[in-house]
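As recorded in Swiss-Prot, the features of this protein are as follows:
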BINDING   A316, P317, G318, I319, R320, G321, M322, K337  ATP binding site
ACT_SITE  D372  active site
Amino acid sequence: MPPRGLELLIAQTILQGFDAQYGRFLEITAGAQHRFEQADWHAVQQAMKSRIHLYDHHVGLVVEQLRCIMEGKATDPDFLLRVKRHYTDLLPDYPRFEIAESFFNSVYCRLYDHRSLTPDRLFIFSSQPERRFRTMPRPLAKNFFPEQGWQPLLTTLLTDLPLRLPWQDLARDVRYIIAHLNETLGPARLAQAHLEMANELFYRNKAAWLVGKLRLPDATLPFLLPVHRSDDGELFVDTCLTGSAGASIVFGFARSYFMVYAPLPAALVEWLREILPGKTTAELYMAIGCQKHAKTESYREYLHYLRHADEQFIEAPGIRGMVMLVFTLPGFDRVFKVIKDRFAPQKEMSEAHVRACYQLVKEHDRVGRMADTQEFENFVIEKRRISPELMALLQQEVGQKLTDMGDKISISHLYIERRMVPLNIWLEQATGQQLRDAIEEYGNAIRQLAAANIFPGDMLFKNFGVTRHGRVVFYDYDEICYMTEVNFRDIPPPRYPEDELSAEPWYSVAPGDVFPEEFRHWLCADPKIGPLFEEMHSDLFSASYWRALQTRIREGYVEDVYAYRRRQRFCVRWKNHNGHPEAAVSAIAPSAVGEG
């Protein structure tokens, strides 16, 4: 085959491989409605894992094909550049060009073991950056105007959903939504508003989300409705979210990816950007399940920051870890985590174990309590960007992962993660209600992780962070395990009075044994924290609490986990109004509810 024909064949093979991958991605995503209708929550969890694995699987298939057809050209740099040019020529009219570029990068990295990662060989920057703002041909959303009032508008919106289940009480849910809108906006502003709703539902866990925009003359607000399925197979709306902070949490970096049918992901990302202005492009792609392209965008955001900030990398604030070396740029919103060459003596584990823990988190339901990460190999940093103190620490702690490249160093493996304030630092500075909220959040994080079959292992405050919305998120994964793998035990009574004074336990301790009573020693040691913890979370110190959760997990029960406060649920917010919340909201205008 002539060289130019071979180069084109390779480019076409890579793009065809991506087509196959994204086709399967959409196929799994399209099954979300059926899984929701059938309440097959275990299938929901399996589909999430399968969709994540798809990408690497198809990259591997393409790499095997290319190794068979490259005819020894793999080491010819000019040949590789021509392949990329051919691939670029295939993309101008390609609907998912931006993710196809990331797929090319992944194939290249797999073929060449993450070496020679330069802009001429990879799509480190997009070949068509202007296309993401182009009007897409397929309408993503539909407008709803309250010409006859909000009651018929919302009734139409909900009854037109593709879900093939009856409503528990549609009129009640419509009243709830209208009451929330009146309470939030007031009747006068609501009368001037209309909705723009995404055509596709956003599925995650046990909810199907309607995602839309509440358009007002002077503003555009998020409009989010989580639809749930009752145990009797009936639909109900659990709440209505119209605040930017609430929407940001729903699409947060600590949550599992949505299943939303998006044949044109760039168009959906641009549409979402208006109601999620605090989210980066990487975070938006991550939220809709395009996590590998989100990694590309995350790296581009990092490069953009470097171009516009003259800062040096420093060790991240907080207590130094026993397994990870963590560093950051002072003004950047992410941290860089490198597994140390040697762990502290009490950490009896291997690097392979740590990597497996991070992969577990990637694939598991993170329930809003575990930060997502992007994994990089051969990550290059200019030496001038590294503070002398950090350089010394890198050489001391992760020297085996460093390669000297003259004016740069390469780190063979690291994770990038969203930066948070370490909880121990937050608690040192918090007072009053802020302290109380943080302790409540910490306990809720532990409970929700446990309900999702995750035991953090090391529950010290330093292993948790606080987000900009005040949520507590777990981020130290080296001791993480499934709840069902742990043996929760009560401490046996002492045999003799002197047993309690002994430095050694008077009872046997096997691998996997955990004694929740011991949590009290380090979680309640601070006198300003202890009473709050005892008040709100004392059951966490009881082995019976943990064993009861294990029983539910083993029986196959999947807990409900909400992306909003319990008090925001309609059934809690208006539980004393018998489905008629308008009694709690003053001056609901007839025009607003369509009754005048």
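Positions of Cβ are set from backbone N, Cα and C atoms, glycine also.
Looking only at other Cβ atoms within 10 Å, the busiest spot among the binding-site residues P317, G318, G321 turns out to be G321. According to DSSP, A316 (ATP binding site) is assigned to coil rather than to any helix or strand. Note: the CA-CA distance between K337 (ATP binding site) and the residue listed as 'active site' rounds to 13 Å. Here the C-alpha separation of P317 (ATP binding site) and the residue listed as 'active site' works out to 20 Å.
For the binding-site residues given as I319, M322, the lowest number of other CB atoms within 10 Å of the residue's CB is seen at I319. Around the Cβ of D372 (active site), the number of neighbouring Cβ atoms within 10 Å comes to 22. Look at K337 (ATP binding site): DSSP puts it in a strand. Between the C-alpha atoms of A316 (ATP binding site) and D372 (active site), the distance comes to 18 Å. In the three-state DSSP assignment, the secondary structure recorded for G321 (ATP binding site) is coil.
Spread of the ATP binding residues is 15 Å (greatest Cα-Cα distance among A316, P317, G318, I319, R320, G321, M322, K337).
When the binding-site residues R320, K337 are scored by other C-beta atoms within 10 Å, K337 scores highest.
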